[in-house]
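Below is one structure, written out as structure tokens; comments come after it.
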Amino acid sequence: MSTDHVLPVRPDYNADPTPDPVVVARVKALESLLLEKGVLASETVDRVADLYEKEVGPRNGARAVARAWTDPDFKQRLLADPVAACAELGIGGMQGEDMVVVENTDEVHNVIVCTLCSCYPWPVLGLPPNWYKYPAYRSRIVKDPRALLRGEFELDVPDEKTIKVWDSSAEVRYWVLPQQPPGTEGLSEEELVELITRDSMIGTGLPRTPDSPAGAR
Amino acid sequence: MDGVHDIGGTDGLGPVGYRPEEPLFDNPWERTVFAMSFPAMASGLNLDAFRHGIEKMHPVDYLSSPYYEHWLFTMEKGLVETGLLTEEELRARTQQFLDDPSAPLPQRSDPAAAEAIVGFLRSGAPARREIDAKPAFAPGDRVLVRNLHPKGHTRLAGYLRGKRGVIDAVHGAFVFPDTHAHGLGEQPQHVYTVRFDSVEVWGPGADPRTVNHFDMWESYLVALDGDTDDRAALDR
């Protein structure tokens, strides 16, 4: 018997983005005290948020992947020493001080998670999406990744393909080098960047193809 | 600590709530909390203590609050513990902003300080350390995860305690969160990626073609050799 119709989805973090007035007041209280005590500058919030809103995001990772697809020597460097290879592209920083890139192949599909908190390779993927940080994904992807990817990410990893789950529990940050979609061999690096989604580097999706519908994951 | 945050393998938490498109911050207060965390940590609240503060939320609050409320909670508690703030001033100031939500914030212009934080984010803060000790394990070694239940912070997840795995990679030494979170020093140890067969972790019903990988500090592990009884190894 299904209980879907009688039980609420709980917690439904995405249901109502209206802020709790108490939380808003607590944030202003902390912000005002940090300003008064000389810990925070008035410009810091906008400068820091701007960095991740405008500059550091999954396009960085997409640039590295596109380079790896078009330059076999770079791919070798990316897999051997991702921090140094990303630095060649001007990519690096907080939460990417130590990284490991895991390569998808015909035999292996990789997916990343942080079950204990929300560790994520910020310099290449930006800040994590909400679902990555909330309990449901963290609890389920380590236990039955194939079913979760099929059921909620529209990603069918065939039964015969091994799924490797990487739980980022220390200070090493993992991300996925997806396979280049068939039929895109003639595309330029710039064209390939447009196909490489955030989810394809988490392992909850695959790169788009040139004929994927707009907005495909 | 055996807290609600240690959630790998928990059933019943519902759908993942995937949104194809979402803003980086759902509300301006989240943006503020994110950005404030870096100067707050620079004032003396280290990252491991910051994470441990989140673990100390009541499980009901942890599971039902927006993500950045976790960060707010740990900053409030942690900055009281470091002595920067008092509970009384936080409470009084929060009440002021509840009574008058449009009250202005103090102005403290310091563009160079803001740039310094951005520079810190661009360069990072490595937790890797050089130590004299050689790694105790090498790729391919069989290991058993110790059955540890410390009361404080740990990065040893419950779903892997007592499980047998194989060393997959040796990463060098890193600050040990279990001490660093509690003001007991960095005490760096070697860190290893350990791989686990899914059936070892999740039992006979598990998908046999999945492999769990988890990064472990050396003191979470004991060596297993062909002759060692698992139970005896756990008791070492």
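Keep in mind that glycine also has a Cβ here, set from the backbone N, Cα and C atoms.
Per TrEMBL, the features are as follows:
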BINDING   A:Cys114, A:Cys117, A:Ser118, A:Cys119  Fe(3+) binding site
DOMAIN    A:25-204  domain 'Nitrile hydratase alpha/Thiocyanate hydrolase gamma'
Between the binding-site residues A:Cys114, A:Cys117, A:Cys119, whose Cβ has more other Cβ atoms within 10 Å than any of the rest?
A:Cys119
Just counting, how many other CB atoms are there within 10 A of the CB of A:Ser118 (Fe(3+) binding site)?
20
Is there any among the binding-site residues A:Cys114, A:Ser118, A:Cys119 whose Cβ is under 8 Å from chain B, and which ones, in sequence order?
A:Ser118
Find the average pLDDT over the domain 'Nitrile hydratase alpha/Thiocyanate hydrolase gamma' (A:25-204) in the predicted model and report it.
97
